[in-house]
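Visitor: Take a look at the following structure, please.
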Amino acid sequence: MISMACNIAGVPFKNPIIMASGTFGFGREYAEFYSPELLGGIVGKGLTLHPKAGNTGSRIHETASGMLNSVGLENPGVAAFLKDELDDMTRWNTAVIANVGGSNLEEYVQAVAMITENAQKRRTMNRRGVDMLELNISCPNVKQGGMQFGIQTEVARDVVRQVRNVTALPLVVKLSPNAENITQMAVMCEEEGADGVSLINTFSAMKIDIRRRRSVFTNTYAGLSGPAIKPIALRMVHQVAQAVSIPVIGMGGISSVEDIIEFTMAGAAAIQVGTYNFVHLHAGAELVYGLEQWMQREKVQTLDEIRGIL
Amino acid sequence: MISMACNIAGVPFKNPIIMASGTFGFGREYAEFYSPELLGGIVGKGLTLHPKAGNTGSRIHETASGMLNSVGLENPGVAAFLKDELDDMTRWNTAVIANVGGSNLEEYVQAVAMITENAQKRRTMNRRGVDMLELNISCPNVKQGGMQFGIQTEVARDVVRQVRNVTALPLVVKLSPNAENITQMAVMCEEEGADGVSLINTFSAMKIDIRRRRSVFTNTYAGLSGPAIKPIALRMVHQVAQAVSIPVIGMGGISSVEDIIEFTMAGAAAIQVGTYNFVHLHAGAELVYGLEQWMQREKVQTLDEIRGIL
Amino acid sequence: MANVISNVALVPGIYVMKIEGTFKGEMGQFYMLRSGTGYPLLPRPISIYDIGDEDISFLYRVVGEGTHLFSQLQSGQEIQLEGPFGNGFPQVEGSLALVGGGMGTAPLLLAAKHYPHAHVYLGFAQQAFGVDAFEAVAASVQVRVGGSIVEKVDPHLYANMFSCGPTPMLQALAMKTAGSSSRLYISTERHMACGIGACLGCTMHTRGGNKRVCKEGPVFPVEEVDFDDLHGV
Amino acid sequence: MANVISNVALVPGIYVMKIEGTFKGEMGQFYMLRSGTGYPLLPRPISIYDIGDEDISFLYRVVGEGTHLFSQLQSGQEIQLEGPFGNGFPQVEGSLALVGGGMGTAPLLLAAKHYPHAHVYLGFAQQAFGVDAFEAVAASVQVRVGGSIVEKVDPHLYANMFSCGPTPMLQALAMKTAGSSSRLYISTERHMACGIGACLGCTMHTRGGNKRVCKEGPVFPVEEVDFDDLHGV
Ligand SMILES: Cc1cc2nc3c(=O)[nH]c(=O)nc-3n(C[C@H](O)[C@H](O)[C@H](O)COP(=O)(O)OP(=O)(O)OC[C@H]3O[C@@H](n4cnc5c(N)ncnc54)[C@H](O)[C@@H]3O)c2cc1C
Ligand SMILES: Cc1cc2nc3c(=O)[nH]c(=O)nc-3n(C[C@H](O)[C@H](O)[C@H](O)COP(=O)(O)OP(=O)(O)OC[C@H]3O[C@@H](n4cnc5c(N)ncnc54)[C@H](O)[C@@H]3O)c2cc1C
Ligand SMILES: Cc1cc2nc3c(=O)[nH]c(=O)nc-3n(C[C@H](O)[C@H](O)[C@H](O)COP(=O)(O)O)c2cc1C
Ligand SMILES: Cc1cc2nc3c(=O)[nH]c(=O)nc-3n(C[C@H](O)[C@H](O)[C@H](O)COP(=O)(O)O)c2cc1C
Ligand code: FES
Ligand code: FES
């Protein structure tokens, strides 16, 4: 009777609960604790064309109801991902989303092209490949002094347009809360043919070690996530959902069924869970069960009944 | 030996700890619990030219390590402030800062002109008046569909320029974290002759009452403050302090001596304490004593030794 | 900071916490209580339930995180509290009824002690609690579990009435009182941040303009109350 | 969630908490512990100190908010814990020294139980604690308070050494061991979020490339360790 299922850009999700990039590895570690098949989907850790060692020094610092991370996109690179991780991921009956970053335009385009080509090849062999792409535009743009691609709409437009050109895979663009105008950014994505947007990535933030008189992080700033940012994330999702007609995937501090309902009421087609995975090892399973129970209790048959109602 | 004193735009502060607008009334209520003379200064609640009743419905909601408020600038208006509050405030030996908002350009200009005139008149009578103005540009611009003045630099430039034209009082502009580009905004303030900037005001944020299926707040969005936003506030203060040479007053979630030191190391000339006043009634006194003790322990004679060291 | 002497459940989810120290406070006033060092951030307003020479007590219901933390406190542990705040119930002459619903019975105990001749009406949705404390001090105590306690109250019998409880109950009592000469004072609730009148977070619209529930309230003569505003939050 | 059996201070600020249940775990592995429902958010990595048939114990120092909350727990209250995580100390043959400094003595107790012939060296900056637990199981226990425990250790005497403690101590031991044929394994620390290898928050640069302290560690052969990286955080 009750159905949590949803469909985003043609990709079916058995429920709207997706694990956020960088917080769930490629699923393997959590799979030791509960079945990833419970989940609507998994976004793998952020990939770049070439392998990246990530940042040196401290990478994690806890803040009031939040955390800062400066992992610096440590990842094995697209080729190793396709070779070593994808088979395992696609064996689970859950949507597989590849999150892609880059330090310049060409890297984005090549990484996306490689993943797309791989998906096509696998399809011809009747094997599952990546179901969806999530484009992470919160990467430092090395050619432009390190400012993130995702700050200014016109800079980001270039990335979205070029990537759209080389892929027929469902394409979701992940927006940064550091954007000058996140609504405008979302509208741009819709204009450039993205199939959806997801938001929010982490806030640029800072922690100073007053004893050592320096930033805790080698890169000075780091990304803030967790319950602390939820009220801002919810506002942004609400604004963006009003401005575009493509699906919006909401995230930022989600840690309870109540949070999921709030994002859904604000217009989210699905949601992602990041930091909360660290708080409770079984976060994903807990939220899936909890959401189902809530729908039963509240007599809500499908989330469409409450989606975007304000 | 140790001195906490600082000077901002010619106004002497006995210490850098200032109570933030809207969180300390006009000082009277807290004065029942500790002497406001301990403090570096007090920013009165946000004033508008005409009295305002503020928002209806819920005004306060607690979030993870933060709070949302939607007071809606309830205040007695500039005239009543000058008549009923200023005498009491100026009797204390602490800096008095008037925070001024408006719903259109003319309101800002008139309100500031009135306060300035009053200060001049009082000076000729050898009485203390308002020591400094803090311009709150995070007010909804009624003529432009309710978007805050403080979002776009060129919209805010108008306000700062016109206000600067009518006042010789030390003028600090209070920046919004919702600004498209907060560094550019600060640079604009410097260009337009502001004597300093203060940041950050609250983040636009949201809370949905899932039972009633509506926003908790009549105005849909509300302002997020408290420890949750501190890491973002600190980053913004650091960025702005690097970009301008006028003094920067830092705030956003400050709740401990460590926080004060962090903001100072990030470049703040002074700091403001808002939400923490609600957490501990004696917050101001506690932080002043605590800062002095810290300086003694760390053998820091003046905060200049650590200001802006990273 | 003060030490918890005891913290016991009267019925599931409803606790009385006794705290050590010499505290001030009048009937209808409240304290701002806070447990723990992190979250929740804001203290919670809780009415004074009882005051002794060397202790103060609070009757509270666990509804969310803040009150849950209170319920976890064990004797000897510390709690942050500041007060007394608010105006409290007025000094009145003549016959008096105290009408409480659920947790709204909490601020009435001190009033019952202050006015031993008062008639006490206590209504509960599911399960009565704390009735014996009233029976120990009051001339008459009537209790109703389920249904409306207001039905038992005849405003014409009383020169004054003090009431606290859910808004629908208060409004029912207000309507019933409207025809009579009884003066009704009700204790209101608003989410609070500062508790002392500085933040304007608890502002309530009344017929006399904006009032701060924490400072000019929480007790208001019923004529001042705008029930639309009370329902709205 | 599991129940606390006891939680007592050995010396001021250093506690042993015993938790009820059937738990797995080997020497040098750790659990992620979390107390309370709100702040702190992230669980804290704490080494297994001891394991019984129906309980598990942790030895911890109160350094910040998370460990402070642990210290507030009273018997019968609940704590969240997940584990065991990490690789733990290896199975080795031959003579063995266990060299611990301060809190770094915690993960060595299980090793001492596993290798009763091992020689135990315990160093403390100010005040010794937990020494008797080692004396009850180990052939030889040497203790030093103030100064460096490393001075007492002669690596040439041991085929293997396990060590845990402050980085300068580990590095001193590494330098002293460099000339010998002794194989030294050290237990490292990094701030952690997930504890299971998914977040890459605990990555350490080693001579064998990036390693996750929570997964490939926390125990590494000293040859792999890049002390510059250890000092850096
Ligand atoms: C003057 C006054 C006296 C009160 N006296 C008592 C009493 O004696 N016993 C008792 O059990 N309760 C009393 N309350 C209500 C009590 O303050 C709330 O139940 C409590 O704040 C809930 O906090 P929470 O964290 O457990 O709940 P949550 O729902 O998690 O709280 C979230 C937020 O809502 C606020 N909040 C929730 N409900 C209320 C409410 N009804 N009134 C004000 N703020 C609320 C909290 O302060 C907090 O900011 C009184 C309220 C007021 C205003
Ligand atoms: C594998 C491993 C085993 C450990 N075993 C023990 C043990 O048996 N007994 C014991 O007392 N301590 C142990 N520690 C250290 C313990 O995890 C920290 O002291 C604790 O996390 C501090 O938390 P806090 O909230 O009290 O301090 P805070 O300083 O407030 O913590 C703030 C943040 O820093 C992190 N943090 C602070 N210090 C450390 C540290 N040294 N290592 C990792 N993260 C840290 C916390 O996790 C948190 O994210 C171990 C650490 C690791 C990595
Ligand atoms: C440790 C960590 C690593 C992350 N890595 C990535 C990443 O590689 N790519 C990406 O798009 N987002 C990354 N994020 C951002 C999350 O996917 C998510 O957008 C953000 O954390 C907000 O959600 P949350 O508050 O639920 O964590 C990372 C977040 C964390 C905490
Ligand atoms: C209840 C409340 C009322 C506020 N009113 C005003 C105001 O009138 N004018 C203004 O400039 N800022 C106002 N602020 C913002 C604070 O001055 C401050 O910028 C913000 O709360 C961040 O600091 P904090 O995290 O220390 O509270 C208000 C904040 C709160 C919580
Ligand atoms: S709670 Fe702050 S004014 Fe009443
Ligand atoms: S703590 Fe997450 S990978 Fe080690």
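Cβ atoms here come from the backbone N, Cα and C positions, even for glycine.
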Visitor: TrEMBL records B:Lys45, B:Asn69, B:Ser70, B:Val71, B:Gly72, B:Leu73, B:Asn201, B:Thr202 as substrate-binding residues. Which of B:Asn136, B:Asn141 is assigned to the same site?
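Guide: Checking B:Asn136, B:Asn141 against TrEMBL: the substrate site match is B:Asn136.
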Visitor: Suppose a student reads TrEMBL and sees B:Ser21, B:Lys45, B:Gly46, B:Asn99, B:Asn136, B:Lys174, B:Gly226, B:Gly252, B:Gly253, B:Gly274, B:Thr275 listed for FMN. Which of B:Ile200, B:Ile306, B:Ile309 should they find annotated at that same site?
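Guide: My reading of TrEMBL gives B:Ile200 as the candidate in that site.
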Visitor: Going along the chain, which residues six or more apart from B:Gly72 (substrate binding site) have their CB under 8 A from its CB?
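Guide: B:Lys52, B:Gly54, B:Asn55, B:Arg59, B:Asn219 - these are the non-local Cβ neighbours of B:Gly72 (substrate binding site), listed in sequence order.
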Visitor: Ligand 4: which of the recorded positions B:Ser70, B:Gly72, B:Cys139 have a Cβ closer than 6 angstroms to it?
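Guide: Close enough to ligand 4 is none of the recorded positions.
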Visitor: Out of B:Cys139, B:Ile200, give me whichever of these recorded positions has the highest number of other Cβ atoms within 10 Å.
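Guide: When each Cβ's neighbours within 10 Å are tallied, B:Ile200 tops the list.
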Visitor: Out of the recorded positions B:Lys45, B:Ser70, B:Cys139, B:Thr202, give me the one sitting nearest to B:Gly252 (FMN binding site) by CA distance.
Guide: B:Thr202
Visitor: Taking the centroid of the Cβ atoms of B:Lys45, B:Asn69, B:Ser70, B:Val71, B:Gly72, B:Leu73, B:Asn136, B:Asn201, B:Thr202 as the substrate site, which other residues of that chain lie with their Cβ within 8 Å of it, listed in sequence order?
Guide: B:Gly22, B:Gly46, B:Ser138, B:Gly223
Visitor: Cα within 10 Å of B:Lys45 (substrate binding site): which of the recorded positions B:Ser21, B:Cys139, B:Ile200, B:Gly274 qualify?
Guide: B:Ser21
Visitor: List every residue in the same chain as B:Ser21 (FMN binding site), at least 6 positions away in sequence, whose Cβ is under 8 Å from its Cβ.
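Guide: Residues satisfying the criterion: B:Val43, B:Gly44, B:Lys45, B:Gly46, B:Ile97, B:Asn99, B:Glu134, B:Asn136, B:Lys174, B:Gln272, B:Gly274.
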Visitor: Using a 10 Å radius around each Cβ and all protein chains in view, which of these binding-site residues has the most neighbours: B:Gly46, B:Gly252, B:Gly274?
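Guide: Buried the deepest by this measure is B:Gly252.
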Visitor: Inside 10 Å of the Cβ of B:Asn136 (FMN binding site), count up the other Cβ atoms and send me the figure.
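Guide: Neighbour count, Cβ to Cβ under the 10 Å cut-off: 28.
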